[in-house]
């Protein structure tokens, strides 16, 4: 069972175990959650509503059990707090992320995908691509092609549209209030705004954007404002790095850092050597090479954590694996700490304030062990090292497809709940 991101996004705050009366009023409860704006350097909450803070006074913050922040679990005492029904979503672009967003949405009780637009894929091929997936396995539900413009997924109809120009997609007529822009094409405010012409209320870009407000669930989604009609869910790598950097910076301070992501192959790469005028190395065969590449993921952390702006940068290695990537963050700390101290802080956050967003493992894992992991970032305690009290290398895994797609839906529902409280 899934639950609203008002609850899921509480991963960015240390919140006491939910009481039945805490969620009695959507508007007032939402303002309570928004009133807590992060942690102090020791990972304790910096601001809380009086009701929550009083529950913390009787014990150390490390013993507090927070609201879970996964897309698949819900505390029994928590009720859905949106205004009415499910949040209706449309998807533009039925690639890797578009398909997984639809897959995951079918297992949630807070979101319903009502339409998919892709000018290059007809309804029959959409059904085939949704049913079979070489990485994540076969779709467990039912898929039927009703006609050229309708799919039936788990007994619910999904409209199929084939428009090249997003301004021509009748989102309002299709019942979609929120649109996932996952084509990889319309990633700026001006381009993504075309969806608003068709009646969409909000657009979520499933990629970094040059000018749209950027959010990472568990890090800065609490800064979202209801007048923001177009937002970016950042990149999968930023979603992995930002929660890790948040914890380390708030506990020890990050003076500067370099990030490397060892990234699985993506659809933009070539199966064999081919032309790539902007990135010559990027045109080399994906299955034959480890390919150095640029990435703005580390710099983008400065957009979601302004206190780290200008302190992080990084690069990528594209490697011949189909899924799951790993971030290597090497950084200088402001406050002296052993590697064991850093591990302890991350473990605490993974079990408390960032549970379901940031994970922790001390087992001897490899990349394939994280296929289908819904968390944004899973810290590998055995893979990192410390050189001194102020210089550490931190390693964190992420399913760059599945985890990211979960966060897209989490961000949508958070936006819907903000709208419901205003």
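Backbone N, Cα and C define each Cβ position, glycine as well.
According to Swiss-Prot, the listed position annotated as N-acetylthreonine out of 70, 150, 321 is 70. Record check, Swiss-Prot: D-glyceraldehyde 3-phosphate site residues include 235, 236, 237, 295, 296, 318, and the candidate from 266, 271, 361 also listed there is 266. The region 'Disordered' annotation in Swiss-Prot falls on one of the ranges 15-49, 50-84, namely 50-84.
Under a cutoff of 8 A between CB atoms, and with a sequence separation of 6+ in the same chain, the neighbours of residue 118 (NAD(+) binding site) are 92, 93, 94, 98, 126, 161, 162, 183. In this structure, the CA atom of residue 266 (D-glyceraldehyde 3-phosphate binding site) is 9 Å away from the CA atom of residue 96 (NAD(+) binding site).
Comparing CA positions across the binding-site residues 96, 97, 164, 400, the one lying closest to residue 236 (D-glyceraldehyde 3-phosphate binding site) turns out to be 400.
Secondary structure from DSSP puts residue 237 (D-glyceraldehyde 3-phosphate binding site) in a helix. Here the candidates are the binding-site residues 96, 164, 400. The one whose C-alpha lies nearest to that of residue 237 (D-glyceraldehyde 3-phosphate binding site) is 400. Among the binding-site residues 96, 164, 400, the residue whose Cα lies closest in space to that of residue 318 (D-glyceraldehyde 3-phosphate binding site) is 400.
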